[in-house]
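The structure under discussion appears below in the form of structure tokens.
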């Protein structure tokens with residue numbers, strides 16, 4: 001059995017110094033991120049060209065977080081890393097002979113191969129396709145392993161015939177020693193608690209992803225799937241979030257459309273009675289309470305979910321495009337700024353990316369949004385329900401103004417969504433980045449090893465959503481009234497944005513611009529929190545980050 005501590009402290013220090021010298025390409029005793037990238041290129045390391053992996057490794061090496069790694073930093077990193085590597089080696093080296101054969105690695109990697117092999121199949125013979133894939137990984141990770149390949153009977157090999165020469169070394173002949181294992185994984189970042197997992201993930205992503213078709217076309221299959229995954233995760237998150245908060249959305253639309261209801265918090269009951277002399281002062285209640293009673297009287301609990309089916313149809317592409325476009329736009333901004341990773345993107349560019357993503361999402365689903373508001377503003381005593389109400393409303397809209405009516409107020413909507421999405425996505429990203437940096441410093445860990453708990457994500461989402469919704473609420477209210485104009489609940493008709501603004505101020509004053517803000521925030525806080533919570537967890541589940 002191999003002993004971990006077979007080398008003396010002096011020998012280990014000499015080895016660390018030699019390794020550091022290979023990374024110190026400028027020979028000044030300090031290694032920067034650019035130096036590390038150059039060293040990987042110069043030494044033909046398997047991860048050369050993978051700036052993301054090298055940056056993660058550099059972050060782990062930079063123990064004191066001064067953006068420079070010296071020999072002292074490297075020794076601390078290496079000592080901690082080798083302890084982890086040794087433990088991993090022991091788990092894989094089941095016969096404890098101090099060597100790991102390709103079959104032992106195959107058994108371990110089969111668990112990591114996108115969970116394509118179930119635990120109850122591990123004892124069965126692996127398919128030739130998977131064996132070939134793992135063998136390619138073995139050769140990629142340990143290109144110098146041939147010094148330790150057990151080539152038995154070399155003398156007899158020279159006497160082989162031409163046919164015999166075509167036979168390759170068997171899998172059982174391939175192995176790596178602990179020293180080779182350690183030297184490779186020492187310069188691999190650690191994700192999800194395993195350096196081997198990280199190495200195999202990068203190999204699979206950047207080497208196995210390129211699939212040559214019969215015509216020789218190169219298609220980046222997994223890269224496409226990875227990018228598309230952000231859209232899928234965003235869409236699912238939006239559907240879950242919107243369904244959970246549908247009643248609040250119904251109340252918001254009801255209050256925005258009803259201009260005859262005034263807040264009892266901002267107005268005294270005497271003032272309200274002056275506007276409506278026939279009202280009973282003892283029965284004057286808040287608009288929110290009146291909305292709840294009216295909706296419940298209309299159809300019970302189901303009344304609070306009117307339009308939610310349409311909401312789901314709308315929110316999946318909207319949320320999908322918002323989150324997916326945000327990730328794509330951040331990558332574009334990263335290239336424009338010359339950053340190596342989206343995590344290094346400036347706050348300004350992050351906010352801009354969020355705003356652009358919101359605009360793309362809003363424009364794509366605007367007709368569905370308009371139809372939804374029209375359905376929710378139908379007469380409370382209408383005999384049409386469900387799909388019948390939906391289809392009849394759509395027919396009436398098309399008959400009244402054609403497709404153009406479905407895009408009424410789109411300019412206001414696009415302009416209004418930019419600051420909201422920018423503040424929402426940008427603030428959440430900024431909070432997430434700040435928290436990870438703070439925790440990494442407190443726990444003395446690399447930032448890539450800091451994970452966000454669900455209890456942290458929820459308040460972050462609530463805060464970012466509240467900030468965004470509050471700032472742009474007046475624009476959102478005016479847009480909604482433009483969309484709902486001429487309906488039973490909102491019979492007024494406007495000539496444009498300026499007209500709806502002036503008439504709103506004339507009828508309700510400045511407080512009218514914030515009517516429905518309370519139920520909106522009551523909806524936004526949990527909605528955005530749930531959305532981000534689902535999105536962050538789905539990204540982890542789908543291995544998107």
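Yeah, the Cβs are placed from backbone N, Cα and C, and that goes for glycine too.
The Ca(2+) 1 binding site annotation in Swiss-Prot covers 65, 70, and the record cites a curator's inference as its basis. The number of other CB atoms found within 10 A of the CB of residue 65 (Ca(2+) 1 binding site), across every protein chain shown, is 14.
When pLDDT is averaged over the domain 'EF-hand 1' (11-46), the result is 88. For 11-46, the entry in Swiss-Prot reads domain 'EF-hand 1'.
Taken from Swiss-Prot, the feature domain 'EF-hand 2' applies to 80-115, supported by sequence analysis.
What Swiss-Prot lists as domain 'EF-hand 3' is 120-155, and the listing cites a curator's inference.
Positions annotated as domain 'EF-hand 4' by Swiss-Prot: 156-191.
The feature repeat 'Solcar 2' is assigned by Swiss-Prot to 345-434.
Feature annotation from Swiss-Prot assigns repeat 'Solcar 3' to 452-541.
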What residues in the same chain, six or more past the boundaries of the domain 'EF-hand 1' (11-46), come closer than 8 Å to it by Cβ-Cβ distance?
54-55, 57-58, 61, 67-71, 74-75, 78, 140-141, 143, 183-184, 186-187, 199, 203, 340
Near the Cβ of residue 70 (Ca(2+) 1 binding site), how many other Cβ atoms are there if near means within 10 Å?
18
For residue 70 (Ca(2+) 1 binding site), the three-state class that DSSP assigns:
coil
